[in-house]
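> Please see the structure below; I have some questions.
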Amino acid sequence: MSWGTELWDQYDNLAIHTSKGIEFLDKYANFIRDRLAIETEYAAKLRRLAKNYQPKKKEEDDNEFTSHQAFRNVLKEINDLAGQREVVAESLQLQIIQGITLLSKTLREERKKCLSNGTYLQQNLSSQLSALERAKRNYEKAYRDSEKAVDNYKKADMDLNLSRAEVERYKNIMTAKIQQSDDAKNEYANQLQKTNNLQQQHYNELLPEVFNRLQELDEKRTRGIREFIIGAADVESSVAPIIARCLEGMVKAGESINEKEDSYKVIERYQSGFTPPTDIPFEDLSKQDPESSQESHYNNVQSSHLTVKGTISANRIKKRVGIFNIFGSNKNSLTADGQKEDFSDLPPNQRRKKLQAKIAELQQKIAQETAARDGLMKMKVVYEANSSLGNPMTVEGQLNESEHKLEKLKIDLKKYQGYLERANQIPMASNSPQANRNNLHNGHRVSRHSNGSTEDNNEDGDDQPDDGGSLSRSDSEDNVAQIQNGHNNNNNGVSLSKTHLNNSSSASPESGLGTSHTSLPGSGQGSAHDNAMGEDAYYETEMELLQPLGTCRALYPFEATSEGSIPMNEGEVLQVIEIDQGDGWTRVRRLNNTNGWDEGFVPTSYIECTLYA
């Protein structure tokens, strides 16, 4: 089937059809462009999604869980999936869009050329038909004129009134008209033959050639659309195996999640190492001696006057401000994340893990620095053997710096190894709040030690007090006055009056006005009313009973020389009631049989703390 044969008279319709075909090709190109934009946007949003859900630096500790690791693997697969969508977009751009653009341009140029040729042929045929029409009209006119001239001659010849000359004139006119008619007839015949030949050639050869060329162009366009559609599918198919592997990776990531392993890691992370508390002994009041009974009565009075603020304050660490900065600062005792250098503020298990990780890190740094130093030494030997390669003195400075770094790392390693050794020597059973609770048993105060045994501490001034027996600020001055007036007549209780903190020598522990070295309000003398009048802006006006946060052991002896500090002996065990706030001092408390409780501050570097979980 050929357009030139079947559609010989549909020139205008074929021109419109081929134009619509190229417009459809451009429409498909726009479709691919829109899909390409969607693929690009989809890939960009997938990458942004994966980036937004990447673990933050503060969440690094959670990365050890299998669920978190699986999620990170899923994010990697999402990134790979986004990359494949980008490959699809790029392939559509290079293979489909560019191919359609080139084909559309070629088809438009070829169609324009074919239509120009067809228009020229149509114009030639129209011109020939016009010439034939003119020749026909001339012939018809000449024929009518010749017939009229013949009629005029016959009439003149039969008219006897006309002269011979007049008749001869009519005869000459007739002969001329007949000749003109014959000439017009011959011209008409020639034009007719030429027109027929041109028309036959036009419809049988010239115009079919143009139409067949248009048919080829349209078939080429149709074939191009087919190839482009298949090509777009092939682009998608080419990345399908990689996308399938990405999905398989996601499935494997999901299958890698192990709930038992994550549960074990939770135990590893949060296990404090403390042992559960033992049974609380029965207190037989009938077998207590008077002194213990009086002390127990005092503790009961203290507990009965706990305010709401006092009961919850044991779980809260108050920030020391202003006045205690006179003791100086020890910023080096804190790490970058706010923990202590020896991690003594962590439970035993966590402290050991942190110390072991720090030691491993230091050992790795030492190995790296040792390798760097050895390399510098070899370089120096080479330079000394052949000075043309370099000056040995240029390496000397780097070598000295490396030696200095290595020495510092070794010192830090030895220090943390010492921390770890001391941490391993600390029993874990005595560090829980319940294990440190002092109880009255058989009329005597007993304290539970790390080995689970109990001993009579009735006469030991270093005994750890009851959880609720610490000095603190309360919400009511009436409670303070009641304790002072009703239960402190024998000077065996605790004076809860507020002491003015100032720089005068009369208020310092060395002045002899107080009975204990303490910086806590309540360590001086005077009534609650007097102290309320001289209230310090840094502290609340009333006292609350603070629960101990842990225990500490004195590594070195300390003599209190500043106001607010408290002396201690090497090996002495004290209660921690406020941890170091970054100024290098820790607030502690001890039982004083003479004057109730002693509270004050000691250097953090002089003690080894074990906080409750």
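Placement of Cβ uses the backbone N, Cα and C atoms for every residue, glycine included.
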> Please identify the range among 275-301, 329-355 that TrEMBL labels region 'Disordered'.
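My reading of TrEMBL: the region 'Disordered' range is 275-301.
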> With DSSP as the reference, give the number of residues of the domain 'REM-1' (345-422) in helix, strand and coil.
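DSSP classes over the domain 'REM-1' (345-422) add up to 69 helix, 0 strand, 9 coil.
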> With contact taken as 3 or more Cβ pairs under 8 angstroms (pairs 6 or more apart in sequence), are the domain 'REM-1' (345-422) and the domain 'SH3' (547-612) in contact?
yes
> Just to be sure I understand, if DSSP states are collapsed into helix, strand and coil, how many residues of the domain 'SH3' (547-612) fall in each?
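With helix first, then strand, then coil, the domain 'SH3' (547-612) has 3 helix, 35 strand, 28 coil.
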> Could you pull the average pLDDT for the domain 'SH3' (547-612)?
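Across the domain 'SH3' (547-612), the average pLDDT comes out at 86.
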